[in-house]
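Colleague: My questions will all concern the structure given below.
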Amino acid sequence: MVYLVAAASICSKAKYDYGEVVAKSILFYDAQRSGKLPANNPLPWRGDSAVNDQGDHGEDLSGGWYDAGDLVKFNLPGSSAVRVLLNGIVRWYDTYTALGQINMALDSVKWELDYFLKCWIPSKQIYYYQVGDGDIDHKFWGRPEDMTMARPAFSVSPSKPGSDVAGQTAADFAAGSIAFKKTDPAYSAQLLQAAQSLYTFAVTYKGVMPPTKYYDSNGYTDELCLAGAWLFKATGNQTYVNDAKLYHKNNVPAGLEWNDGLAACQLMLYELTHDDTYKVEIQNFLKKWKPGSSTPYSPCGLAYFDRWGSCRLAANAAYAAIWAADLGIDATVNRQWALSQINYILGDNNYKMSYVIGFGSKYPVHPHHRPSSCPDLNIFCGWNFYNISTAPNPHLLVGGLVGGPNLKDEWVDDRSDYVRNEVALDYNAGLQSACAGLTHLCITDELPPSPAPKC
């Protein structure tokens, strides 16, 4: 399987090879795979794992992606990541085709979609939203292939609702039905059917999913808005977009992340309706992120929202800005601002390094990530590789975006720093789609000049 194509052959005007970031991000998601791996697995240091994951009634729940540096499958952040990735694939399909990455990109998201299909059991009205216990998992440092701990499954049902995670997964299925319509019509139809039934479940039995300690939900209206919007886009049924409008809120969201999809809801509604009400909401959201707003900036120019995944949150906002520009909203300003954030992540920072592993000549080599920190499959791995080893991780976690620096642009390549040096499914999603959008602009000769770095 060929993964990497030099984007410079597509567009040499860009300061950084955004197409290469797209290709390497896809490879990161391969490193997160759980279950029985395919024959074309490109990573020899990953093997079959958690093949016996199952539900309370013996349902096969193998497959899917591990969440981050740990080995739990959390569907709330996972489904958020898939939605962002699918939107990038659907919106900037030309990018993936030009890069020779469309088959790899679809194969990548299909791995998680197939798992989500196993999680939704319409006949029992059960949706499994998590496999593995975070507390038990965090006591183990080793490769997923060697796990022996209990991996309980957690579900939502009519008596224990989870409209947030169910709604967001319904959005994934609807978006996937669009993405696969050309290449696999049968699979597209299967996804659409699942989207409709899971959406009905989510809106019939309303409530937030039970607390997980690690990814607790703060509401479900944003996910139901996104599900309705994507189902309208997939079917043309006006009822779905009417629902989306009802679940929409005109608040200014703090950020765009796994637990807050309101900005994406507003973008979807403007795209589908061209109602200027939503345009103003999007402008207010992006204004909040730009210099002179309430969002602080690091000395070198990173819009800093939170210490957890600072690069991730800036990349997500950049993705939203590129999407908004595509819709005709303050195109030049939004694209230039997005470039400033993505370029910071890729090298326009005080360390002159990339926060994307394997991109450029200087990047993290000690990420907080169990599988890549362990030696070859036949060698024991344990806490010594976490606590004692100061050597780089034995395997390069190509494409993984680490958390990022603090507000002072300070960052240390420390395996034990799970705040600034861990990777995660949702960390990469906005980055990959933002870089797909920038590559599209490069292809169409709409990419503005890169802003001058502040460091």
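Even glycines carry a Cβ here, placed using N, Cα and C.
So TrEMBL says this about it:
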- H368: active site (ACT_SITE)
- D413: active site (ACT_SITE)
- E422: active site (ACT_SITE)
- 18-434: domain 'Glycoside hydrolase family 9' (DOMAIN)
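Mind mapping these onto the model and telling me what they sit next to?
Modeller: A C-beta separation below 8 Å, combined with a sequence spacing of at least six in one chain, links H368 (active site) to G69, R415, S416, D417, Y418, N421, E422, V423.
Within 10 Å of the C-beta of D413 (active site) we count 16 further C-beta atoms, all protein chains included.
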Colleague: Just counting, how many other CB atoms are there within 10 A of the CB of E422 (active site)?
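Modeller: Summing over all protein chains shown, E422 (active site) has 20 other Cβ atoms within 10 Å.
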